Amino acid sequence: MARAALSAAPSNPRLLRVALLLLLLVAAGRRAAGASVATELRCQCLQTLQGIHPKNIQSVNVKSPGPHCAQTEVIATLKNGRKACLNPASPIVKKIIEKMLNSDKSN
């Protein structure tokens, strides 16, 4: 019985190393590919600001409701590189979005 177990193992240690390396690479690749999907399958804005001064905003990204999140999300990229979630129902945020949309149409 011990002999049967030994004969089932590969006799070439180099082949075993290559097979293990390939297995690790495949597992790491699947995990990395799944990581980005997992973050996209939920709302990005857990807390929102009621407003922010427009001079601090570099760009605004409005995400419509979808299978990943049931609410509209407004994500402002600030001039300092940070991102801030804004409340889409806030009158100030609505004006900021309108201003950004109008400036995009005029360019």
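Just so you know, glycine gets a Cβ as well, placed from its N, Cα and C.
Among Cys43, Cys45, the cysteine that Swiss-Prot records as disulfide-bonded to Cys85 is Cys45.
It is Cys43, among the disulfide-bonded residues Cys43, Cys45, Cys69, Cys85, whose Cβ has the fewest other Cβ atoms within 10 Å in the structure shown. A distance of 10 Å separates the Cα atom of Cys69 (disulfide bond) from that of Cys45 (disulfide bond).
Looking at Cys85 (disulfide bond) and Cys43 (disulfide bond), their Cα atoms lie 11 Å from each other.
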